[in-house]
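The annotation signal peptide is assigned in TrEMBL to 1-25. Annotation source TrEMBL lists domain 'Sushi' at 27-86, 88-148, 151-214, 228-279, 294-345, 360-411. Annotation comment: TrEMBL describes Cys119-Cys146 as disulfide bond.
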Amino acid sequence: MKATDRMKPQFIFTIFICSCISVKAQKNCQTPKFQNGFALPEAVTYQDGAEVTYACIAGYKPVSQVWWGHIICTDGEWSPAPMCIDKKACLAPEVAHGQVRKSASKEWYDHETSVPIECDKGYKLSEKARPRLAKCTNGEWTVPACDRMEYVCGAPPEVEHATITQKAQSVFEDGDRVNYTCNKGYQLSKGDRSVDDETYCSSGTWKNVPKCSPRQQNQDARLASRAEDCGKPPEVSNSVYTVRGQSVTYECSHLYKLEGSATIRCFGGEWMDPPICKPPRHQNQDTGLFSRAEDCGKPPEVSNSVYTVRGQSVTYECSHLYKLEGSVTIRCFGGEWMDPPVCKPPRHQNQDTGLFSRAEDCGKPPEVSNSVYTVRGQSVTYECSHLYKLEGSATIRCFGGEWMDPPICKRDPMHGP
């Protein structure tokens, strides 16, 4: 290295990289603005998370079960939005064994409003109900009764050493079925009942109720202790089987339906009677399809929908505002229906109130002549032009995908024609 090179200044550059993390600032809330009421404590602004109560002036009441309301500041918005309604209006009714039909369900109803009622499974509207609608009158509901159907069954009978595999419910309709499973160490008794027969509701009575008996103990020297003592398991056409100790489990070929017990055991040196694998009824050997949709039984129910049966297929249609996900049409294959679609409620809908979380769900707010409006979440507030007077509610809300009726702006007679 030359001497002149050694004397050259050496520079080292250090680069500092500054990483900035942005933190979303929490928004405060302004004084809640709503008609015919007031909030406490009073303030110009409220911090995020602040809790406020509100009440209404004479002739009005909050949209709540009591005479005062409770709201919370959440990211610059009040939740739930405060609202005072006419004292003659009604909150959603409570119906024993029923509810307001979903298409008519909302948070509150005007005086003299009538709404249809749907009864729970196993119940129907009383024959004595006149009218057959719930009606709001002066803040009180007149609600038709839901009577228990004549041929329904109560809870299935309790069977010692057994449990029921279905979801618990208190009422079952005529023809409904349940399955019992015996506890460990017990087995379904045959008797005059096939071990695979289901228990079902018939004319208000449970039929074919099983018993669970202790499993046979290996106390007799002649009793087989291993599956091999019974010899080779019986062959079942159109099936395969798996041996597990003293038991054999059969599985039918594709599209074939198993009748009898899928699992048999070795008792006293002999196998229990095996099941059979039945071919699909009326099956087209070329296509594998059935000739009638009835071969698959009743089509699967889809909440909030209606369906139409056309031969081998079923087409579903969701209720108003509900969105269908999946195949709108399903078909019958191998004795079973394809998986049905689902009808999903409108996005971000509150299931208790029927409200949407954003005003955009109702679309563009209605136009009001001689006015301007401001959108705040689920609500729209109108302000009339100079010399015009507002009639009706200045603020309207989005309910069930539709806007409430807007106000009107009339020429103020105080300022001349």
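Cβ atoms are placed via backbone N, Cα and C, with glycine included.
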Original post:
Cβ pairs under 8 Å with the domain 'Sushi' (151-214): which stretch of 27-86, 228-279, 360-411 has the most?
Top reply: 228-279
Subject >> Whether the domain 'Sushi' (27-86) meets the domain 'Sushi' (360-411): three or more C-beta pairs under 8 angstroms >> reply: yes
Original post:
For the domain 'Sushi' (228-279), which partner among 88-148, 294-345, 360-411 gives the most CB pairs under 8 Å?
Top reply: 294-345
Original post:
What is the number of other Cβ atoms found within 10 Å of the Cβ of Cys119 (disulfide bond)?
Top reply: 20
Original post:
With DSSP, how much of the domain 'Sushi' (151-214) is helix, how much strand and how much coil, in residues?
Top reply: 0 helix, 23 strand, 41 coil
Original post:
So what sits near Cys146 (disulfide bond) in its own chain, CB-to-CB under 8 Å and at least six residues off in sequence?
Top reply: Val95, Ala96, His97, Gly98, Ile117, Cys119, Asp120, Tyr123, Lys124, Leu125, Ser126
Original post:
Does DSSP put Cys119 (disulfide bond) in a helix, in a strand, or in coil?
Top reply: strand
